[in-house]
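The structure appears right after this line, and notes come after that.
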Amino acid sequence: MFAAFSGFLLIAVVVLTGWGLRRWGGLPENAETVLARLVWLVLNPCLLFTAVARADVSVLFSDPLLVSAGAALICFVLHPLLVRGGGVMGSLAAGYVNANYIGIPIATYVLGDATRVIPIIVLQLLIVTPVALTLLELATTGRTSLRATMTAPLRNPMIVATLFGAVVAVTGLRLPSILLDPLVTIGHAAVPLVLIAFGMSLSGRRVLEPGPERAATIAAVALKTTAMPLIAFLLATALRLPRIEVYDVTVLAALPTAQNVYLYGQRFGTGLILARDTIFLTTAACVPVLLSVAFLFAFW
């Protein structure tokens, strides 16, 4: 419990630093965009490559990943059953977790091991993302290109980095330190800069204004913050996973909605308010939800 609280406190301080920089630091208007671009193109790919390359390959095909996938799938399906108007974006907002930008810090500082979240990153980048982009293209244009669908993952630097890391892990290839050490060093900058950029994005935010996407947003927030961790806990318990793995999958299921959902909405011009508000609200609720999970597990 104390370790979890310490991890959350560390994350909160870094996020507040970003918020303060945006509010009083006199930064240029595009500072947040530049940071996000740097993380997207360089820092996160380096972090993901080195983490996956050194990960135990067996965790990529494990019961905890099955639980995480099952909980996400159930939330994807539940959202359109609970409320109309959300579409593909509503389903993504309800079940696509922020495994990169928030998941890696949580896994690092709360679970004590960044590799705990790697299987979810791989699942979302290599399977969920291509399917989601295809469905969004169909929903917004009525057509899709097989070539565009097949090549979309190769245009995402995080997917490419994850693929190369998986190849290294599976083959057992040992990279010389002259190549690996710079990647590790660059990757270490990803977590703090992501948290600072996120803190900057919180300055001046207004959410849940009246509109057609308000009900879909509320449903997505409820599923993401409450239903998904509960479903993960029940599935893990049903599969008789060890207590530590039950805790891990429950914590990871409580992660907020990923910023990637907003990026996908921007690309296809749909569900932007839904994605933006869900990301903000689930992120704001993340700390109290995870502290509640840690508190309950202390007595379980």
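Backbone N, Cα and C define each Cβ position, glycine as well.
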Transmembrane segment according to TrEMBL, located in which of 94-114, 157-177: 157-177
Proximity of the transmembrane segment (65-82) to the transmembrane segment (34-53), 3+ C-beta pairs under 8 angstroms: no
Contact ranking winner - 34-53, 117-136, 157-177, 215-239 against the transmembrane segment (183-203), Cβ under 8 Å: 34-53
Folded-back contacts onto the transmembrane segment (34-53), same chain, C-beta under 8 angstroms, at least six residues removed: 100-101, 104, 114-115, 118, 121-122, 157-158, 160-162, 164-166, 168-169, 175, 180, 183-184, 186-191, 193-194, 196-197, 200
